[in-house]
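Q: Per TrEMBL, domain 'ABC transmembrane type-1' is recorded for B:97-313. Residues annotated as transmembrane segment in TrEMBL: B:12-30, B:101-125, B:137-156, B:183-204, B:244-270, B:290-316.
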Amino acid sequence: MHADTMPSPALPLLDVRNLCVSFPSGGRLIPIVENVSFTLAEQEILGLVGESGSGKSVTAMALMGLIDSPGVVITGSALFRGQELVGLPQKQLRRLRGRQIAMIFQDPMTAFTPVYTIGWQIDEQIRAHEKLSRKQARARTVQLLGEMGVPDPARTADRYPHQLSGGLRQRAMIAMALSCNPALLIADEPTTALDVTVQAQILDLIRNLRTSHGSSVLLITHDMGVVAETCDATLVLYSGRVAETGPTADVFARPGHPYTTALLASIPPLYGARPDRLPAIAGAPPAPLHRPAGCAFGPRCQFVHTPCLAAPPPALFAVGPSQAAACVLPAEGTPLPPRLTEGAVVTAPVSSQPPAQFSSPEAQS
Amino acid sequence: MITALLRRLGQTVFVLFGISALVFMVFFATPGADPTARIAGRNASPQTMEKVRKEYGFDRPLPVQYATMMKKLFITQDLASYVDRGELVVPEIARAAPVTVSLVCGAAVIWVVVSIAMGTVAAALKGTWIDRSLMMLGLVGISMPVFWLGQVTNLVTQSRYHDTWLFSWVPGLGYVPLTENPWGWFKALVIPWVVLAVMFIGIYSRVLRADLVALSGEDFMRTARAKGLSPTRVLLRHGLRTSLVTFVSLFGLDFAQLVGGGALLTEVVFGLPGVGRLTYQALTNLDLPLIMATVMYSAVFVVLANAVVDSVYLLLDPRVRDAR
Amino acid sequence: MTADTPSSSGAASAVASANVAAQPRPLGPWRQAGRTLVRNRAAMVALATLVLVTLLCLFAPFYAHDIAHVDPFTSNVAGSIVLDGHEADIMQPNDNPLHLGLSPIGPTGHAAYLLGADSQGRDVAARLFYGGRNSLLISASAAVLCLILAACAGIAAGFFGGLVDTILSRLMDIMWAVPVYLFAISLSIVTVSQGLKLGPFVIEADNLLIPIVIIALVYVPYAARPIRGRVLALRQAEFVTAARCLGVPRWRIVLFDILPNVMTTLVVLGPLLMALALLAESALSFLSIGVQAPAASWGTIIQDGEGLIYTRPMVAVAPGLAIVIVVLALNILGDGLRDALDVRDAARRSA
């Protein structure tokens, strides 16, 4: 079995290089995700941040091999434990899906098939990958539901999705994703559709997975607060391209990309006087079809100048030991100043209260 | 669950009353001519007219007429045909019913099996030429008048190619009771079954395909794929099972309507002495009591069958089960 | 023909919009739909077929008088025609050994009696074109009338809700429960036997209005249901709420906010209803309670051909094929319109 052969610690669990996903539209290929690269170590939580339409979900779906619209072109490389995922035949991908790589989705309301019980659906996944009897599978299901903090798991397993609350459903969803002990869990906005208090509980659950189940997590979100609370490393996407990447603490303390700075500035400060109005980023992200030749953020950037506008878009430039930003400023020797006010937030123990939703850039667009 | 069923029962009773009133109005309260003359038939003698007027209470107000009619239809069951010299109508319908039921049940089996297969295959192969040709085939099926298709089939199987090996087994038009000769019953009905099923195959396969294609964009289908299930299993266990909810409710309606006399044209073309052909004969004789009785009985049957379908629906869809 | 009106105007507007495509101004939804429809080859072929069939039927008198030189409405059992120089009887002895009985002449391959004669010695081809006029006229008018009735009922039920909705919906349920053809037969038998007297107006039994009204009536529940669903969804839409908050009178909301949005549903339902109406008309005429003799419709010609099905199948096959072609074209056009206007999506959202 794949999971038993422990890879050398040097080898990352997931190594994505220059992933590009293009959809055909009106006779042309529109790049939705362009040259995205990142690595994810064992038991690491990586946050994939961006506005809606920035290509976060498409990246995740591409890794899972779940994009099957006709004419889609996926290039680049995604090595999962040394195995290439891009271009892998569906049959082999299927063996990975649910077993090695599992996924949980944004809306737990619609993510379960409405006509089967929760337990039946979790059993189905277990039995799809392991030779277990119905009884054994159900026993594992009940145990998993219990571990995920579902009260009275045996009875809950016999209930239909519509009979459960959103939080319970998301717990069941996570239980289902974890049912085969996957090495990688992709969580696509797992808390967006939930109440704030339930959000915090679910995030706690996800944070603890690496110790309880040894899973790495690729957390997709548009909420900087969720990232600050949960993720070891952060990858900021803007309009299908990587804007900045690095350890969460570094990115929050010394953002290297004006977009990251702007995102962070739109979070209300925890300490000191509250500003009357939170700064917003003027304008809207470009449609993939009208993406500028140079830096995609250029038209909205307060530091925009001539080198930003020319093609090709700025490459990633190292701004720290393991931090890089796709911006011309650090390369020109005029990096952005570190953020003074927010340093306290990152170094201080993270509060369990996630920042309110209106801090997300989406709320302002 | 109990309150849901009770509410459904109340609704059914209401619809039953409404429908009987509607049919009654159509036959006896249409502005214009005197219903007496219609019932008595063409060129009836004044004595007959007077007898009819008394029997149905046409000299009394409408509600009394309605009550009289309902009594004659369902309680005393002594509604008689005047054109056909006093033949009792209700037993006649009872004799014809098994033929109609045989015809519709066989057709229903064919159309359900074929349309599920066609719809599922088309949805699985969405966008390919197989999908397109299957759906075009379905559209052609919907576009053919069933009586014409029956005639053409008769032309082919009874006359033009009857002497070839392909159709030499086809018996002459007519019905053979199942209890008398099961094989003869089957042979007599198999072609009417197929002809009657053609249109429904078209409708159902297209509805099912559209439903499955729409479902394939749903979140739970993505979840099922992310679980590592095979495409076949995703399509059948998750997609098809969910679509069946709509499919069954549609099926119940159509099945009930067909048994209730909707298969009239097929019965006429193939000479099957069912309820539909009874209606047709009454039509040619202008035998009003008989037509009204068949329409009334079929409407009642459809309403009752719908109530049954709704109960099945409760079993199939857990969401509906809880919602009411 | 009704089905042509929205789509052909859509086609025209699409042509017009192609000229302004260079300008960045976004196209209106109708123009956009028109462009999509024009690009849909199947729908365009269907539309062309419908136009062709309609034209052929419109020229029926011309065909009968000037090409075939026949009178398709009077019995011509004793007549004869000249074929290739020699005279042929219209009613010919049967092929059986004893030459017992007479059969009408089969397809001649000439202008006169191109498709042969029916049992009364009338030219089937000419009757086919005349029958087409009636069939198309009845089905198109029935579809329009049905849409108007259904739109009124659906909008009233959906918009006013409450008691109005309950009464209308129950009424629809009741009508829905009677098998469509049985309902139509009941209405027909009552009217066809003696015609209809509405106060001072007397509608004769052979008036085409009778089948039109009957067919329109029986399909009202079929059309009203999706319209009601659409209106229910629209009523909760924010722009309607906004209009109500602004104090816009209800009739204005119905006329200017609801109706334009329901229009797409109506346009898509149009050809589909016409297809259903054409099938219903042919069925009623086949049962001799639709179009009354001597007038023809495709259904009555099939009925005429029933007795001749084994000897002169063309009499019944030709009108049947005409029905299949027109209904198929209408269905394809309806599908194309639905895809172009994206109504299925709207319907799903409202469900």
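Quick reminder: no glycine exception, Cβ is built from N, Cα and C everywhere.
Walk me through where these features lie, including what they touch and how far apart they are.
A: Panel annotation: around the transmembrane segment (B:101-125), residues 131, 134-135, 137-138, 175, 178, 185, 189-190, 192-194, 196-197, 200-201, 203-209, 211-213, 216, 231-232, 235-236, 239-240, 247, 251, 255, 258-259, 263, 266-267, 272, 274 of the same chain, lying at least six beyond its termini, place a Cβ under 8 Å from a Cβ of the stretch.
Long-range neighbours of the transmembrane segment (B:183-204) within the same chain, counting only residues 6 or more positions beyond its ends whose Cβ lies under 8 Å from a Cβ of the stretch, are 102-104, 106-108, 110-112, 114-116, 118-119, 137-144, 146, 149-150, 153, 157, 169-171, 174-177, 247, 250-251, 254, 258, 263, 266-267, 269-270, 272.
Through the fold, the transmembrane segment (B:244-270) approaches residues 99-101, 103-104, 107-108, 112, 116, 145-147, 150-151, 154, 173, 191-192, 195-196, 200, 204, 207-208, 211, 276-277, 279-280, 294-295, 297-299, 301-302, 305-306, 308-310, 312-313, 316-317 of its own chain, all at least 6 residues removed from its boundaries and within a Cβ separation under 8 Å.
Within the chain carrying the transmembrane segment (B:290-316), a Cβ under 8 angstroms from the stretch's Cβ atoms is held by residues 1, 4-5, 8-9, 12, 15-16, 19-20, 23, 27, 69, 73, 79, 81, 84, 89-90, 92-93, 244-245, 248-249, 251-253, 255-257, 259-262, 275, 278-279, 281-283, all 6 or more beyond its ends.
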